[in-house]
Amino acid sequence: MIDFARVQKELQECSREKDTSGIKVSPKSDNLARLTGIIPGPLGTPYEGGSFEIDITLPDGYPFEPPKMKFVTKVWHPNISSQSGAICLDILKDQWSPALTLKTALLSVQALLSAPEPDDPQDAVVAQQYLREYQTFVGTARYWTESFAKASSLGLEEKVQRLVEMGFAVGLVRSTLEAVGGDENLALEKLLSS
Amino acid sequence: MPKRVLCKFFAHGACLKGEHCEFSHDWKDPPNNICTYYQKGICSYGSRCRYEHVRASQSDLSASSSSTVLRQSLISDSVPLGPSLTTTFGGSVVHPSASAEFPGSSRAFLPPTKQAWNLESEHQALSDNRDFVEPRRVNPAERSICSFAAAGNCPRGEKCAHIHGDLCATCGKHCLHPFRPQEREEHIKMCEKKQKHLEALKRSQEIECSVCLDRVLSKPTAAERKFGLLSECDHPFCISCIRNWRSSSPSSGMDVNTALRTCPICRKLSYFVIPSVIWYCTPEEKQEIVDSYKAKLRSIDCKHFNFGNGNCPFGTSCFYKHTVKPGSYVWKYHRPPPRRFNFMDMDAIFDVFEQLIAEDEMDIFDAEDFEYDDLTPLEMAFLLMQQDFESMRSSWCFDRLPPFLSGRRWILEFVNLHAYRDGRLEEVVLRHLGAEDGHTIIAKNIRLSDYLSDLHIG
């Protein structure tokens, strides 16, 4: 049986420290077994500025069994499936400890974003790219953050539109935007210099 | 000396007071044969009573009820006391010497029983006996201390017939007997211990379990209001949470040795959990808790050993008591009986085997440090395998077998186990469950992994 008293306490703690940690957890419905977590992309990484939504399901044995977590927001990361959002993190599997909380688990996921482990990949394609073409990886990750993890990512199409109107080909505009991580001015410079 | 009446309890060989008893422990002294119930007016035997029915006011002091003699031997010369009054209180908790000071108000303390004789004579008796009490000098060590003073306040103050005890600095009561040094010391020791316990309890109130995030001592049921101390680190948990965690099934994906047996916070491997109602501050306090826990376990008979009829996987390092009963297996053969486990899932056994062999971790179990409750039979078996006992035998009983042996119930026995680190076993024996003797040795001096890989379980 899930220890709901503990889940309640965890939620209270999360909302208290929301401003310092930036991590938010909220129940999806009245049932506390299904929750949604939001973590900000760590500074100094391609994920900076993004806010990532994570789907959390508490198993019956919680807190003696790890919560099931997966990314809802699409992420380009060696340890996170670009297709399903599945997370490869030991503390969510065999290294779980009941002293960990939803907040600390989410913090660990956040730490995983800033320190990928390409040797133990979840997504082989991303891991390959990370190891072989690091710059491309950074560009793609930034583009994905820009496209999927930002409230302003809606504006992406507008940027494409504007650049296309300046006379560049749609395909080229998209790939350039992706390479520079969605920054319109940088993309323009790059397009002009090429 | 006041000890003139034979102690009733002593006469039955059951006096617990020993040399401090107010009554005589000398067979030459006459026993007291007066019915105290009659004196209280409630003897239901009437004329058939085998004790003497004597009205208290008529009775001679020396032949009066035992409690009268007791009180009189204790009171000092300045306090007059009538036997009737005393007998009224005989056996009750109210101290007669305290109430005798106020004869007028003493009525209020009278138990609501009707006297066998009329109440008038009571007052009569009281005044009659005013001068009756003869002064006695008693050895101060034999006088008891005033319970009123010990409880906080004696209404007689300076004039009290009893010794007023010295103040105990710890509990703040006047309960130290000035002339019984041994009793004093005992009391001070007890008191300090109690005080320490109370303080620790107070401190422990605030401690939260890191798993359920509740205050351990504020849990709803008494069984839950206990800490589970880990042997190797100092992180607090409640006993149910830590036991729950440690007994989580390894099938849930958690690793036994890197997760389940470790502290949830610092991940230090601890071999056993110690229940305790208080939390500790110093290593010495922790050691004390651990020691007293182990001492308690040592007084309990080991259920695995079963007085010599069972096989305890912990052998001589077991925390529990191993008592060999005459006629038991160990008593007869000087070795533990063979082990059997029924209803085991063979796949699980072999999985663990292979995993262990693959990881070359045959020494993961440390026999000395496990508490059985944490162990599954399987783990015990491994523990066994690891021990280098020449005569140790281990066996599993199973229904599902390799095809070439299928259809019957067999026992897989690991005989003469030398737990070689490479997983080699000296002898593996399969035998039919029905046959006590006549082993079929199917493998000898083999590597366990080779043997198991040859077994095709289907």
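Each Cβ is built from the backbone N, Cα and C atoms, and glycine gets one as well.
Across the zinc finger (B:1-28), the model assigns an average pLDDT of 75. Residues annotated as zinc finger in TrEMBL: B:1-28 (among others).
What TrEMBL lists as domain 'C3H1-type' is B:1-28 (among others). DSSP assignment over the domain 'C3H1-type' (B:1-28) gives 7 helix, 2 strand, 19 coil.
With helix defined as DSSP H, G or I and strand as E or B, the zinc finger (B:29-56) counts 8 helix, 3 strand, 17 coil. Taken from TrEMBL, the feature zinc finger applies to B:29-56 (among others).
TrEMBL lists B:29-56 (among others) with the feature domain 'C3H1-type'.
DSSP places the residues of the zinc finger (B:140-167) in helix, strand and coil in these numbers: 11 helix, 3 strand, 14 coil. Residues or ranges marked as zinc finger in TrEMBL: B:140-167 (among others).
What TrEMBL records for B:140-167 (among others) is domain 'C3H1-type'.
Taken from TrEMBL, the feature domain 'RING-type' applies to B:209-267.
The annotation zinc finger is assigned in TrEMBL to B:296-325 (among others).
Summarising the annotation, TrEMBL assigns domain 'C3H1-type' to B:296-325 (among others). Taking DSSP states H, G and I as helix and E and B as strand, the domain 'C3H1-type' (B:296-325) has 9 helix, 2 strand, 19 coil.
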Residue counts in helix (H, G, I), strand (E, B) and coil for the domain 'RING-type' (B:209-267), per DSSP? 22 helix, 7 strand, 30 coil
